[in-house]
Each structure stands twice: as structure tokens, then as C-alpha cells.
Amino acid sequence: MMSPEFYSEVGNLLMWLLTAAWLLPLLGFVIEIFGGYWSDRKSKTPAYLAVGCIGTGFLLSLVALLTWVDAADLNLWHFGDTESAAVAHHEADAAEAGHEDDHSHSHDHADHSNAHGEHGDAHHDGGHHGGHESHANDPFKTAFAGTFYRLGKYGSLDITLDWYIDGLTVAMFAMVTLIATCIHIFAIGYMSDELTERYEDHFVHTEDGGHFHRVGRFYRFFAYLSLFCFAMLGLVLAGNIFQVFIFWELVGVCSYLLIGFYVERKTASTAANKAFIMNRVGDFGFLIGLMILWTWFGVFQFAETNPETVGSTGLFQMVRTADGELETQGEGREKVVVLQAQQGIHKDGGNPHPTIPYFLLVAAGLGIFGGCIGKSAQFPLQTWLPDAMEGPTPVSALVHSATMVAAGVYLVGRFYPMFTPEVLLVIAYTGCITLFVGATIAVVATDIKKVLAYSTISQLGYMMLALGVGGWLAGLFHLITHAFFKSLMFLCSGSVIHGCHHEQEMTKMGGLAKKMPITCWTMFVGVVAISGLAIPFLGIPKLGAIAFSGYHSKDAIVAAGMTFSSLNPIHSLLFFVPLITAGITAFYMFRMWFMTFFGKPKDQHVYDHAHESPRVMTAPLLILAFFAMFCAIGGENGPLAQLILTTEPVHVAEGAMEAGHIGLNLPGHHQIHEFHASAGAVALLVAFGGTILAYLFYGLGIVDTGAMQKQFGGVHEFLREKWMFDELYEWMWVRPTLVVATWAAAFDRCVLDRFLGFLAGMVVAISSWDRRFDEAVVDRLVNAVGEATSSVGRSLRYVQTGRLRQYVMFIAVSVVMLFFVLFAYLPR
Amino acid sequence: MENVGLEMFLAVSAVLFVCGVVCMATKRNAIGVLMGVELVLNGANLNLVAFSRYGSLGLDGQVMSLFVIVLAAAEAAAALAIVLAFYNNHMTVDVDQATDLQG
Amino acid sequence: MSNPAFLLSATIFLPTLGALFLMVFDKKAEDAMRNFALVITAVTFGLTLLILQQFDRSEGGIQMAVSIPWVPTWNINYQLGVDGLSLPLVLLTGLISMLSCLASWSIKTKVRGFLMLFLILETGMMGVFLALDFFLFYVFWEVMLLPMYFLIGVWGGPRREYAAIKFFLYTLFGSVLMLIAMLMFYFNSASSEIAGNESIFDLLKLAEIAKVGGFDATMQIFAFILLFIGFAIKLPSFPVHTWLPDAHVEAPTPISMILAGVLLKMGGYGILRIAMPLCPYGTQYAAYALVALGVFSIVYGAFAAMAQTDFKRLVAYSSVSHMGYVLVGMAVWKISETGATENLNFWQLGMAGAMFQMIGHGISSAGMFFMVGVIYDRVHHRDLNKFGGLMQLMPLYSGLAVIIFFAGLGLPGLCGFIGEVFVVLSIWSYSPILAIITASAVILTAGYILWTIQRVYLGPEYKGPHKEEIVPITSRETTVAASLAVLAVLLGIFPYQLVLNLMDASIAQLTVSLSEGYAAVQETVTAVTQLSR
């Protein structure tokens, strides 16, 4: 265990490095968006600024990676990719002096560290929960965590923004910043036609029939890219699941802004809306997961790793014992999971430990996975990703293939300890369906970007499947390798599109290899990588098979699937579907490559005007191609896999027999290893099959594809319509929602307001009766009195003649009369 | 003078008063009406003085009659001025012609 | 300024003085009058900041208390004070008044009358938030009502009379119910020692009586229902919300801002300040209904908003939806079978979420209404289907509008998120079913807001009339919009530092005393039922 001083020293250093790398793009965003608005549209400064920010971020991430490797005392291989190149000299001695056999070396290493964690502490606490704090840190000994600041605190409920740094974090940071830097540089060239005061958009027509014109939005593109980098890095750095949700939404909104970058295109803004709303459907699940976790655990932090603050714990430490087991009690509906902490919320009578009902833990896991379904475009929420290709190609490369859509996979990997076997099975089947659906649609797609989009969906399905069948490492390994070769291929497609003046249909391309050789051959690297091709029977010592990165990671996935299905024969689909799809993958990728770069030019106009992209665009291609080839060098024993492996949850390595309700057996490292060779061979065979088929169909053209389309017209149409998901959702969700909305508005207007109108009408009616009563009775009475008074006055008027003599007479007569009256009535 | 009693004074004042009232009631000439008023007032004065002498009022009655005399003088002055003005405007002093304020 | 009586009174009555002073201006000097009113509202806002500066965040009770006999015969006092519940709303009132005053340059007719009524309205609002005497509260409540009636009825849109009458009658109906409840408390308080065996209007003492169980269960239930209806109208909650869309649609822009930004908060504040502390038993009795009503309002408002074609009506319905969270957050009070409060911290979280939602909604909805007003001033229509392409014509305006609309959408990092998510996180422990329904609203909200943004700001061309009058946003409008947008961002990033820590102590105190108040009555109720057996 690390000493507290060392922990805080290294932790703080890492925190500062990665926080700087994280916040720099935000700073860049602010400067770009405000500076760009008030400055020259033709300036490239925003792009340089954005590249500077993310490039600096990459350097900082690299330093952080090396620091982390150093601090974790990790024995990575001393050769391989640049990420670990600098480590090489540091580690060289140990590695060379140590072991001949790399397999055993790595295994020893992993086992050693795990064993250390478990055995050492199992001794200490002797099964008593009181001592759990002392060993709770150990499974996370290579992780650093801390708090930025607080969002709210109520008693024991403390919502904060945290950071959590382990091997996965630094690897993701390096990957994201590196790819983002390349894509930023590429975008300088790709977006250069935005450097104008008057941009003509050929896809939008004004009412008078002309093309739409607007000012260029170069600066805005780079500002959005910077904002996205900030959000994505924040997601990776996040130290609690709530914070992940925050950045989850933020990457979503960046994706929204970037998909809808061409705001004047109706298709683009609709696609942006679709992406955001479908992600929100996933987030609905995410929120439910958050609510359950929050209510039953009362914390959001992943894990508390600081050796000084023992006693406070995170989710992972609460749900699993030190050796990664779920401690359950009861059966059936009564089954509960005992939490390994005193501070949970709900306590059973007599049980000193808080518990959570097992089905709620499953529900929480499914909920969180729901978020991942949305973000990673898994079945059944996959339909937004192809539409998202409306965004500029660098966006597709960065956001919709390499980073954001992989965030779902990342989260499943990160949150792995919280998932019960039931959830894992759902994840596996979701991935399985997705990878098949995606691959089949990709076979018939003709838009070059759509092919890549469906391929992304399919590959993400592979990752999910791997995670679901217990191949934790395989899934995340594929996440990183896929990020490199898929972003490479997207950039290549961007280069093609740029060279062909925004033509995306492959049916109008062909023969471009001569025109754009660099693009063609870097694309080839990507295609080979994703197809998982390798040179069979040959292997270099230490390096393993001669193959690009995709082979290693896909090999690992197929091996995990094979092991799983052999342990659980009832789920053997989880092996055969990905295996077959591996062939389909190779087929459609080579189909795309052949259709684009070889054969006869199908549209002479496009061909004549096609040109190779400028150096600012091809340089990133070469860099990414290098990483697509070599980032996974050494396979599962290579430095990248070993780096990720340090973060593996402790219970994965062992595997589990008869885990959970459903009697599932999860494969451990040893079992997977046993199947590795045979799985690799089978996968390779299938991939070659697909490649050869594609070559026959599209390279040599010996099969008439048009005729085949006719022959399988129904299937073809079904696939072209993307399995009818859009239509289905339109009828299932969109329309009913709008109908309910109309009803709600009508209810207000027709029921509530009418009721109110009725009440008002009643009041008016009552008051009109009141008025009649007033007029008929009260008023008449009062008028009568008034009338009488005035008629008396009128009659008295005649007395008032104004004649003095008459008045005197009146006086005299009255006096006399008074006199008589007095005399008559006055008593004597 | 011993046998001259209160009744005598009252009788004279009553005659004066009635003469004044009749004068006011019958004359159409404004001056005549004024003269009638003077008669009425003086009849009243006589009453006051007589009661002052024979009653228990002391000098109060005589003081009151002094007031009445002054009042009569003022009234005569004001009334004559009005009559004069009326005459100037209408070339007559007939009170029946004074109908300007009639509604 | 250290004298609280002077400071608080000045905050309340300075606008009225300003209104009186407006009468000496020349009728033609409209700009001078506007500037003068702006200065008055700015100074008032400054005074509220002064209150903030003197406020002690660790203290949960009333601070800067002022109590001067007003009508001693009936024990009515001129009683003021602030605590963590009222201070954020006082600040919000000062701010929104200032900004909407800045937005009233678009009022061209009868400027003097408008500004005078506006300033009197501010007095009424400040008074409501600062009054601690039930009678005084009632007086200020009515004072706020009348200027509002005229402001809508005179300066409003085509159907202004209908809207003004509807608003007036709804609110008056509510305040009549409040009056009845007020008298119930007045006459029931006489039997308590705390009130010195006299009838009182003092809210603090009434709350103390309620805390020790001085009001019996039946009376609390009735009083709570009366008070709740009164405040729910203002909140507004389904089904008494229909005045809101009409009032908003017809009211001029600055008044819409005030209406959404401040007036709706009076409903929530009234429940927190009066209905709940005075009837803890009644609150708990109705808690489930309250939460259910709130949840229904959230979903219903979102659906209704989605179906609107009038821009302002849509924003108004979004207010109904957002204010539902306030109701939910306040009422997630769970008790065990023995009457003890369970999950107190979750309730506090919910209440903080409700309070924050009021502040956040005050900023975002005022901003949304202002944004609608800006475009309405130019093109004189609000038909959502006849906009489009504003992003090209008015880029700065559109950018700010998108920020503010996203704040309304509840995007993290903006002010709408914290309130909503705190409420959502607190509700599962109360009722999982309602929690799931609440969470589903995130989809609907995203749906109608994004659809609106698409129809208004995106697209190639503006499709409606008066295209030639679309000019970029002026610097005055920019000031208003940018202030709101910046605040939305700041509140979203630093909720605890800026707002939540102001009210935490008060919320803790309120929840604890409510629990005690409920337990006190619950004991007697249980005793009675046991005796009758």
C-alpha cells in the first residue's frame, strides 16, 4: 500500500496535469467563440488556438500517463507504441532481466497484485465487517481520487465534483487527446472552405431557387470541437457517477451542436434533434439508475482510494467485498445484497449492515446501461448514429466513432463492479444484436460515411458483448484500438469527400487509388485493422502475431465469447454471431475500399475533379495509421492491454461459476487464455473468408452485384431501410407522443377552460338575474319615491310667483290663521 | 297720563302695523311698498317701547327699537338704491314688472 | 444601513417612492422616466445585495427581524425579516425587476403609468417575500395583484382584457381562501400560551404553536387545503394553471418576465413560508397528493407545451412543467408507521432542489420570455411555424437564446439542471413509481425545447412576415439577455457556493420543525383513537 504522503503527492500531480488538460479546451472554447464572433472570418487563428489547447492537453496527458505508470510501479513492456516509449528506458532493466515467457510474466504480475490484495487482507479482517476499511482500498491501489468542489450537502448526502484517476483514465486521456489533436489538424484543411465571408451551400436551396449563402463558420466549428473535448475529458476524469451523468449530457449537447453544424439544412437539424432525444431516452434509464443508487447507497463516488480517509467509501467498495464478491442474503424476492459499509441508508432489523434488494441492484445496473445504450448507439437506440453523419466528417471521426459513442462502453467498463450477472447477460445480448444489425446494414449502404457509421455501431456492439461475457479487458482494449482505426477511416473518408467535392456516394466513386494514394493506403491500414486480418502461422517472439491493432482486440473478444459459450452452452449465440459478423465486417469494409478506390470510375465528372488532400490533412492520416497499426502491439500482453488491465475489477480475473440467479458462469482469465489460440484461428479464418468474398465481388467484379440485389430484393430493401427501425419508432413513439401532446393542449382548451367558462357563465347568469331584480324591484321602488318627491315639488312651484304683494298676503293670512290656531288650541 | 295704559299703545301700533301691511299688499309702486315697510317697522317699534315701559324688560325693548330704527334706515337706503337701479333699467318702479329672476 | 428596519423597509418602499417621484417628470420625457425607473430598480437591487452581505449563512432562523405595532388593537404588526428561504427570492426579485425594467424600453405608450405601476408592483413583490406577519403578507399579496391587473389589461396584447380578468379572478379566488385560513389561525391562536393567549397574525409565533401541536389535526388539514389551493393557483399547478398561458401570451414582455420570474415563485414561497410551517400535520396528510400533483403537472405541462404553435404559450406551458418540480421537491416527506420522519436528508435535498428550481426557473424562464419578446418586437407575431433561420439573421441573439433554452431544458452546467436533478434524486425514496414518471419528463422536455429551437432558430430562411424588420439585437437587449445567460451558467456551475448554502440552514430548520410539529399532533391523534377503542 502506498504511503499517504506519496499518495497525495502523486495524486495531486496527476490531478493538476489532467485538470489542466481538461480545462484548456474550455478556455479555448471561450476565446474562440467570443473572439471569432467579433473578428475576421478568414482568420485561421481559432483553429491554431484549438489545436494548441488540445495538443497541450495531449502533452499533459502523456506526462500524466508516465507519472501514473511510474507511481503504480508498473512493469509494462519496454517496446511498442509511443505512449509507453518513454517508460521504456525506465522499465527496460526489469523487463529484460525478468522473464523470457511474456505470458507467464504478465500473468504472474496480474495474479500477484490481485493475490496481494485479497489474501493479505482476508487475513486481517477475518470475515468481520468492522475491519473492512483497512482492505477496502487495496483493489484500487493504483487509483487516485479526490474532490474538486461541492454541489450540495444534506446530512450524509454529499454531491460533489470529483476526480478519479487510474490506468483506464490515463489511457483514455491519452487516446482522446491524441485522436482529437489529429482530427483538429485534419479539420483545418477539411473546413477551409468555411474561411469566407460568403459560403455557398449546395445542399440548401432558397425559395427563389438559388443556393443558400451565409458567412463562413470556421471559428464556430473549432469552438464546438474544443467544447466537446472539454466535455469528453471531463467525462473520463469524473470521479462519481453523477458527474459522469453531467458530462454525459454535455457531450450529448456538443454532439447536438456538431451534428447540426449546418443549421440551415433541415436534415442536419433533425438529425441533431434525433440524436439528442434518443440519447435522452437512454438518459431516462440512467436517471433511474442514479435514483436507485442514490437512495440505497447515498454516495455517488466510485471508490475511496485515499489511504488516509479510511471509513468513507465509494460505490464499488460498498457493493463488493475485498475479493470482489457480492454478499447476498435470502432468496427470491427477499434476496438482498449486504453493503460493505456502515453508512448506507436502509437497514434491516438486526442486521448491522445496510442492504439493497437484489432486484433493485439489477434495475440500477440496467438503468445505467440504458444510458450506455443511448450514448453508444446500441440496439434498440442505434438509429441516431447513422443520421448523425450529417455533421462534418471530422465530427464523425471524433465524436461519433472514436470518443463520445465509446463513452457508453467506457462507462460499462468503469461501472463493472456494480453489474450483476443478469445485467451482464443483457449487455452481452444487446451487444450481440447490435453488432449483427449494424453489420448487415453496412453491407448494403452506399454512402461512404454511412458504411462507417454502421460499422461503428457494429464494433460498439462487439465491445458491449465482450464486456457482457466477462471479457472486461477485451471490450476496453477494443475501445482504444477501434478509436484509432475508426477515426483513421473516417478521416480517410473525409479526405475522399473533400477530394471529390462533397460527394459521398460510393456508387459515384471508383478508381480513386491513383488520384489519392496516401488516402487509399492509410484507409487500407484501417480496413485491415478492423477486419482483424493477420499473417497466419508467423509470429515474432514477444510481439505475437504479425497483425494490426484490430486483430488483437477482436481476437480477444472472440476468445471471450467462445469461452463464455463453452461454459454456458445455452448462450452459444454469443459466440457464433460475433464470429460470423467478423466475416461480414471484413466483407463490407473491403467492399467499401474496393468500391471507392478501385475499379473503373463510375462518375467521370467526380473522377476528373478528384485530387489528393493537402498535407495538413494527410499528415494526421499517417499519424493515425501508425497508431492503428501498432497501438495494440503485443496483444494482450502488450503495454496497452497491461495498462488497462491494472484497472480490472478484482472479481473478473477469477471468473465466477454459477453466478447470480440465472446460473451463469463467467469466464476468468485462465479459461479465456485456454481458448485464445483456437478463437484467434477461427476468427482469422472467417475474416479471410469475408475479405476474399469482397475481393471477388468488388475487386474483381466476377459477380454482378446488381443482379444479386434483384435476386434478394426483399432482403436488400429491408436492409436498405435499416430494418425499418425509423418507421417503427415513428409509429410507436413519435406519433403517440404528439397525439398525447395535442390531447393535453386540447384538454386545457376544451375541458379546463370550458369548465372555467362554464363557471364564469354561471356567475354572469346569476348577476344578470340580480340585475333584473334590481331593475324590477329595487330600482322601481326608489324611482317611485323620487317621482313622488319631485311631483310635490312641481306642484309647490305654483306658489312661488315672485310677487311681493302676494307674499305679503300669504304672510298676513298665515299670521291670522296662526292666531286662530293658537287661540283655538292653546290652553288657557 | 295715568289712564293711558298699555292697551292704548298696542292699539295704535296695531293700527300702524295693519296700515303698513295693507300698504305693502296693495301698492304696486316700489316706493309705496317701502313706505309700507316703514310703517310696519314703526308699529313694531311702538310695541317694543310700550312693553319696555309697562313690562319687566327694563331698557331692553328700547335698545331693540333703536336697532330697528337703524336697520330701517339701512334698509331704506339699500332698497331705494335697488329701486333706483331698477328704474334706470326698466323705466318703471312697478314691482309686478320685476320678473327677471322668475324661473 | 446597519439598521435592519430601515434597510428592509427601504428595499420594499423605495420603488413606491420612485413611482411617486415619476409624477414630477414631464410627460414627454419618456427616456428620462425610463432611466429613472431603471436607476430605482438598480438601487433596490443594490439594497438586496446589502441584505445579502449582512446575512449570516450559518443561521437558520429569521435574521434582521423588525417588528413594529401597526394595528395594535388586532395585534397586527409591521413585521419583516429574512431567512434562507426568502433571501434568494428577494435577490431574484431585485434582479429580475431591474432586468425587466431594462426590457421595458419596448413599451411606447403611456410610459409614465406603466413605470409607476411597475414600481408599485415591485414593492408588492418585495413585501410578500419580506413580510412575517400574516396580515401584512396578505396586504402585500393584494398590492402586487392590482398593478399586475392593469399592466396586463392596459399594455397587453389583443385579448388583454380577458387575460387580465382571468388572472385577477384566479388570484383573487386564491387570496380569499387564504383570508379564510388566516382568520382560522387568528382565532385559534388565542388558546395558546405562546401567543400570550391573544389572537395573533405573527407567522413565526404561529409556526411555533404548530410546532408544539397547538393546532388540532382537523383544523390543520382544512387550513392546509385552503392555503394550498391559494398558493397552487400562483405556482401554478394542474388543474388551476390555465390563467398562466393566457396571462403570459397577452402580457407585454417585461411583465411576462416578472410574471414568470417572480410571481410564480410566490406560490412556492407561500407554501414553504405559511402553508407548511403552520400546518405540519396537514402537509403530511396531503403529501402524497402534492407529489402526485407535481409529477402530473411536470408531464402534463411538457405534453401541452409540445402541442403549442404560439411561441409564448409554449414557454408558458414549460413553466407549468418546471414549477411541478418545485411542488414535488417540497413534498417528498416520508414518514414511518410511528410518525417519525424517514430519510430526512432526502427531503432536505428535495426541498433544496425545489428552492433552487425556483431560482433557476426565475432566471431561465424570464430569459425565455425576453427572447420571445425580442423577436416579437421585430416581426409582431409568435407563430412557431412562421419562424426559422434566425441563426443567420441574428446570430448573437440566437446564440444567447439557445443557451437560455438549454437552461430550460435542464442541461448540466446551466441553472435548470441542479434543481431538477436534486428533486429527481430525492423522489425515489418517497415513491419509486412517481420517480420513474418524473424521470421520463427529461425526454419530453428535450423534445419540445429542441423542436422549438429547430423551428425558430435553425433552417435556411425566415418564413414569416416582416422579414425586413429583423435587425440584430441591440446593446440594451444584449445586456439583459447576456446577464441572464451568464447567471444561468454561473448558477449551473456553482450552485452550492452561490445559492444553496444560503438556504441550507433554513431548510434544515424547517424540515426538523415540521417533523416535530407532525409528531406532536400525531401523538394526540393516536391517543384519541386508542381511547375510542
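The chain as shown is numbered from 1 upward.
Using the three backbone atoms N, Cα and C, a Cβ is placed for every residue, glycine included.
Nobody curates TrEMBL annotations by hand; they come from automatic prediction.
Residues annotated as transmembrane segment in TrEMBL: C:6-24, C:36-55, C:85-107, C:114-132, C:138-155, C:167-187, C:221-244, C:256-275, C:287-307, C:314-335, C:433-458, C:479-498 (among others). The annotation domain 'NADH:quinone oxidoreductase/Mrp antiporter transmembrane' is assigned in TrEMBL to C:131-442.
For the transmembrane segment (C:138-155), same-chain residues at least 6 beyond its ends with a Cβ under 8 Å from one of its own Cβ atoms are 107, 109-110, 113-114, 117-118, 120-121, 123-125, 127-128, 131, 161, 163-165, 167-168, 171-172, 175, 178-179, 182, 247, 250-252, 255, 259, 263, 266.
A contact between the transmembrane segment (C:479-498) and the transmembrane segment (C:85-107) is present, since 3 or more of their C-beta pairs, 6 or more residues apart, lie under 8 Å. Among the stretches C:36-55, C:85-107, C:167-187, C:433-458, the one making the largest number of Cβ pairs under 8 Å with the transmembrane segment (C:314-335) is C:433-458. In summary, the transmembrane segment (C:36-55) does not lie against the transmembrane segment (C:167-187): fewer than three C-beta pairs, each 6 or more positions apart in sequence, are under 8 Å. Sequence-distant contacts of the transmembrane segment (C:85-107) (same chain, six or more residues past either end, CB-CB distance under 8 Å): 11, 15, 34, 37-38, 41-42, 44-45, 47-49, 51-52, 55, 114-115, 118, 122, 125-126, 129-130, 155, 252-255, 257-258, 261-262, 265, 269, 272-273, 355, 358-359, 362-363, 366, 370, 373, 377, 476-477, 479-480, 483-484, 487, 499, 502-503, 506-507, 510.
Remote same-chain partners of the transmembrane segment (C:433-458), defined as residues 6 or more beyond its termini with a Cβ less than 8 Å from a stretch Cβ, comprise 291-292, 295, 298-299, 302-303, 305-306, 311, 314, 318, 321, 325, 328, 375, 384-385, 387-391, 398, 401-402, 405-406, 408-410, 420, 423-424, 427.
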